[in-house]
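**Student:** Have a look at the structure that comes next, please.
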Amino acid sequence: MRTHYCGELRAEQVGTSVTLYGWVDRRRDHGGVIFVDLRDRTGTVQIVSDPERTPESYHQAEGLRNEYVVKITGRVSGRPAESLNPKLPTGEVEIYADRIEILNAVRRQLPFQVSSADEETVREDLRLRYRYLDLRRDRMNRNLQLRHQVVKAIRRFLEDEEQFIEIETPVLTKSTPEGARDYLVPSRVNPGEWFALPQSPQLFKQLLMVSGFDRYYQIARCFRDEDLRADRQPEFTQLDMEMSFLSQEEIIDLNERLIAHIFKTVKGIELPRPFPRLTYAEAMDRYGSDRPDTRFGLKLVDVSDVVADMGFKVFSGAVKSGGKVKILPIPDGNDRISNVRIKPGGDIFKEATEAGAAGLAYIRVRENGEIDTIGAIKDNLSDEQKAEILRRTQAQPGTLLLFGAGSTDIVNKSLDRVRQFLGKELGLIDPEALNLLWVVDFPMVEWNADEKRYEALHHPFTAPNPQDLEDLTTARAQAYDIVLNGLEIGGGSLRIYQRDIQERVFETIGLSHEEAQAKFGFLLEAFDFGTPPHGGIAYGLDRLVMLLTGEESIRDAIAFPKTQQARCLLTEAPADVSDRQLKELYVASTWQPPIKERD
C-alpha cells in the first residue's frame, strides 16, 4: 500500500520506510549506481539503487525505462551536501530502494518526451492525439492542479461564507436558441422530438429562485455550437450563480469578495477593492471594446466634431453618415513605427483591414510640436483643427496619431484590434499585471441590420433600468460584466421577474406572443406565482484558469479539449454512427460529401 506521494517527501521523513507508486521520469546510470527520478501527480523524488546494498533492486533498476509504471519500497535518506537540489521540493532527500516492482512497461516508442527534465516544444495536434501522455507533463499537471484549487476555493467561499447551495440542473432540456446554435439530441422515446444541450442553466436557475432557493450555484457544463476561437470550446464549464433579494451593488460586492478569495487562495495575490468600473459607453468610447485591456494606455480619442466639416471626404463623409472619426495616439510612435507598416501591405494596415476598416490615415507630431501631414489630410486640415487635435490627444513630440473613420462599429473594432496588436508588439503590456474591472450600463438591445430586428445584447431575461422602461429600444440594462486583462471572465445581470415586463422585452426583440409562449411559456407562468427579485452571474471557469496559469489557449486549461474544428483528436469524435442507431432515433442524414472535380 502507498505510504506517501512522491512530492510529499522532505527531510522530516529521513529514516522512514516508504512505499511509492509512479512513473519513471528519468533513469541515470552513474558508475554502477542507478538513479531514477520517480514521478506522480505531486512531483518527483530521486530513487537510488546501489548494487552493494540491494543487488536485487539494482537488477530490477537496470531494466527500467522512461514512463514505466513502478512500485518502489525503500528508506528515506538525506542527500549528501554536494547532491542537494534546491530547485526541487524533494531536493534534500533520496530513497534507497529495497525493492522495485515493474507494474507495466512502455511497449511503443513515445511520440514525444514526457520527462520534465527533457520537456520539449511539441505540436499541439500531437499533444491532443496523445493527451494522456501530455497530461503527465509538468505544465499540464500544474494547470489541472490549479483548476482544482480554483474550484475548491469557489466552493469553500460560497458554501462556508455565503450560505450558497449547489444544485444540478438538467443537461437534456428544451431548445430555446438565442445567439449561438444549440446542440440537438433526438428523442428515441418521443419520435420526431428533440432535446437540446444547455447553453447555460439560465432558465432553470431563475426557476430555482421562484422555488425559494435564494442562493444557488453550480459548476455547470454548457454547450454552444458556434465557430471557435482560441478562448472558446463547444463544451465548456462555467461557475453559475443566482441570488434573490440582492441589489446590483450587493451582487457586485459579493463577487468582488469571491474573486479576491480565489486569487488570494490560489495565487497568494491580494487584489485591491473595489474593482474599477466603466460604463459600456465609456469603454466603447475610450477603448473601442466592452472588454478593454487596461494593462496599458493607448486610449482612443473621438474627433468626429473636429473634422466634420473638413474637405477630406473620408472623414467628413463618415460623420455625415452617422459614423465616427477616432484617433489612436501612439507615444514615441514616430521612432518605432514606419510609414510602410501603416500603408497597404504593412502589418498594422492588415490588422485594421481584417477588422473591417478600409485603411488607416495617420499624422505625426514632429519634435518642434508641429503636426506633419501628408496627402489629402495635409490639404484639408486647418491650423485650428490641428491645434484641437493636439489638445484632445495631449500628443507630445514624437507621437504617431492613427485615424479610424467609418461606421462606429467598424471604427471601434479596427482601432481596438490595432491597439491590442501594438500593445503586445511594442512591449507595453506587463505580463504579470492582473487588471480587473466591471463594465456596467449596457444597452438592453442592439439592432441587427441583417435580420431587421432588435436583439438582446446579453439575453432577453436581463432587467431594464427602471428609469428607462418607457422605450426599451434605448433602455440601459441592469447588467454587469467582469473583465480581466481584456477578456470577459464573467457576465451577469438583475433579471426580469414580472411577467408584463418580460412580455414587453420579448415583443421588443421580435418574438410574437405565440412564439414566446411556445418557447418560454413555463417561465412566464412561473412569474404568476410570486417570483422574487433576483439576479446572478456566470463565470467562464476555463477562461479564468487560462488567465491564472498564463496560458494563451483555453485548451491548456481543460483536460480533454476539442480543436478549433470541434474535434477530439484522441477519441476521433465526432464520428459516424450506424444506420441502425439512426433508424432507432427516426433520424436520416441529408449530408453528402462534396464531389471532387476531375483534373
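Note: Cβ is positioned from N, Cα and C throughout, glycine not excepted.
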**Student:** Can you dig out which of the ranges 6-9, 162-165, 202-205 Swiss-Prot describes as region 'Aspartate'?
**Tutor:** 202-205
**Student:** Which single residue out of Glu270, Glu282, Glu488, Glu584 does Swiss-Prot record at the ATP site shared with Arg224, Asp225, Glu226, Gln233, Gly540, Leu541, Asp542, Arg543?
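**Tutor:** Looking at Glu270, Glu282, Glu488, Glu584, the one Swiss-Prot places in the ATP site next to Arg224, Asp225, Glu226, Gln233, Gly540, Leu541, Asp542, Arg543 is Glu488.
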**Student:** Near Glu226 (ATP binding site), which residues of its own chain have a C-beta under 8 A away, given they sit six or more steps off in sequence?
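**Tutor:** Listed in sequence order: Ala180, Arg181, Arg232, Pro234.
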**Student:** In the region 'Aspartate' (202-205), how many residues does DSSP call helix, how many strand, and how many coil?
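**Tutor:** Tallying H, G and I as helix, E and B as strand, the rest coil: 4 helix, 0 strand, 0 coil.
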**Student:** Any residues 6+ beyond the ends of the region 'Aspartate' (202-205) with a Cβ under 8 Å from its own?
**Tutor:** 169-170, 173, 176, 216, 218, 240-242, 459, 461, 520, 522-523, 536
**Student:** Secondary structure at Glu488 (ATP binding site) (DSSP, helix/strand/coil)?
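**Tutor:** Assignment for Glu488 (ATP binding site) reads strand.
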**Student:** Find the average pLDDT over the region 'Aspartate' (202-205) in the predicted model and report it.
**Tutor:** 97
